[in-house]
Amino acid sequence: MIAFSLPSLVVRILSTLHEAGFQAYVVGGAIRDLIQQKEVYDWDFTTDAVPDEIMKLFWESFYDNTFGTVRVSGKHLAIQFEQPSLGSEDMLFDITTFRTEHGYSDRRRPDRVVWGKNLEEDLSRRDFTINALALKPQSDEALAKALKMVRVSPEVSLDTEIIDLFQGQADLARKLIRTVGDPNMRFNEDALRMIRAIRIGSQLAFFIEEKTLTAIQQNAKLLTHISWERIRDELLKLFASPFPADGVMLLHSSGLLQYILPELMAGQKIPQAGHHIYDVWTHSIESLRGCPSTDPIVRLATLLHDIGKPRTFRQTNGKITFYNHEVAGATIARTIALRLRLSKAQTEKLVTLVRWHMFAYAPTMTDAAIRRFIRRVGIVNINDMMLLRVGDRKGGGSKATSWRLTELQRRVGEQLYEPLTVRDLKIDGHDVMEVLKIGPGPKVGEILSVLFEEIMEETKKNTREYLLERIKELGQK
């Protein structure tokens, strides 16, 4: 028996199913996180109740997929149980019927799902032993005791019993990722599990069990059956993990990286000159390791910032050059973004960071030059660009920062409050049309552009009086 502090809504779900005569268990990563004393974000349940029976018990639930999963929101549970102060209103809870799965002809999803008869059948189909744990109230009395407290507390203590059929707790203690049963069978069922093993390892700092890793290496090509959307989701979780560089290295050694980011591997054994101490591949990995950002897109951009170097590599009379590698890299980064089905915003951030990462600073730069740099990179990207540069420096064996980078950051901060876009002008297109007595057209935009360039050079001219007078002058040309 072990007592866990659980959200009151979790106790409510268990109690509601038990009172209706059904078995009910918390399953999956939630138990792993509880054991490790980490915050739980996803709560999954399994039960012998079928979807129609589950939906009768939880009023505003909905059938989420064809695999027996019913989803209910914390908001609707709070209303149903007349306890709006329970907390967890923003959470979603997945309740899935016991099931067994048959046939995976596309290596992605089961050809046929059959409602299972017991918990053992349900747990045996899961991916890894640390995810194949189940938790139930230790007794009816323990559940009743916890239920008395749900009205007064958003979290209550529940005496529980953990069902562990595949030594998942031992693997947790050993920091080991191991499949449930035959790893070749598990990866043939769903090839995405191979990336997931590495992603979980990067999140938890766990090792992959030898047989499981060997099976990944043997079955790596099965990844070609998986949609890019699913690969993207796992990859971004890996980049958001505490150890993304180790994850990428493991993707490479397992044979998976060649099917995800083959362009990155082209940097192996491409030498660099100057201050660099690594080849392009190693520098990219170490830059990712040194990047202080936790944003997965910024981390991906840091990994890919020199992706154009293999294509632009030249060695003449012993001199190594990579002319315009940032331009070539931006093109490659866009291709990768399209492949991974990144959103438009994610794509533009990735491409911008790769394209302009070769910025340089000198104390002689004018404030106008600093403002142009900010405008080129974009206000929303400027801090991310600095974090990429920190990773780039550390990936080359240098200190995280330098006096130049520190001074540039200071000057950027000073200019963030100055006009940086046409919208920052003290006049707009309506003023242009009114002064010149013209209608909408390209001339309005041309005049605004000229005015903005002037203001970029001398921000003190950004007054209505000056700009209205300049409109008159420009209109006469």
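For all residues, glycine too, the Cβ spot is worked out from N, Cα and C.
Since we're looking at a predicted model, the values are computed, not measured.
As written in TrEMBL, here are the features:
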type   : residues : note
DOMAIN : 24-178   : domain 'Poly A polymerase head'
DOMAIN : 206-264  : domain 'tRNA nucleotidyltransferase/poly(A) polymerase RNA and SrmB- binding'
DOMAIN : 297-362  : domain 'HD'
DOMAIN : 422-469  : domain 'CCA-adding enzyme C-terminal'
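In terms of DSSP helix, strand and coil, the domain 'CCA-adding enzyme C-terminal' (422-469) has 36 helix, 0 strand, 12 coil. By the Cβ criterion (distance under 8 Å, sequence gap of 6 or more), the domain 'tRNA nucleotidyltransferase/poly(A) polymerase RNA and SrmB- binding' (206-264) is not counted as touching the domain 'CCA-adding enzyme C-terminal' (422-469), fewer than 3 such pairs being found. The domain 'tRNA nucleotidyltransferase/poly(A) polymerase RNA and SrmB- binding' (206-264): residue composition by secondary structure is 44 helix, 2 strand, 13 coil, according to DSSP.
Confidence over the domain 'CCA-adding enzyme C-terminal' (422-469), given as mean pLDDT on the 0 to 100 scale, stands at 90.
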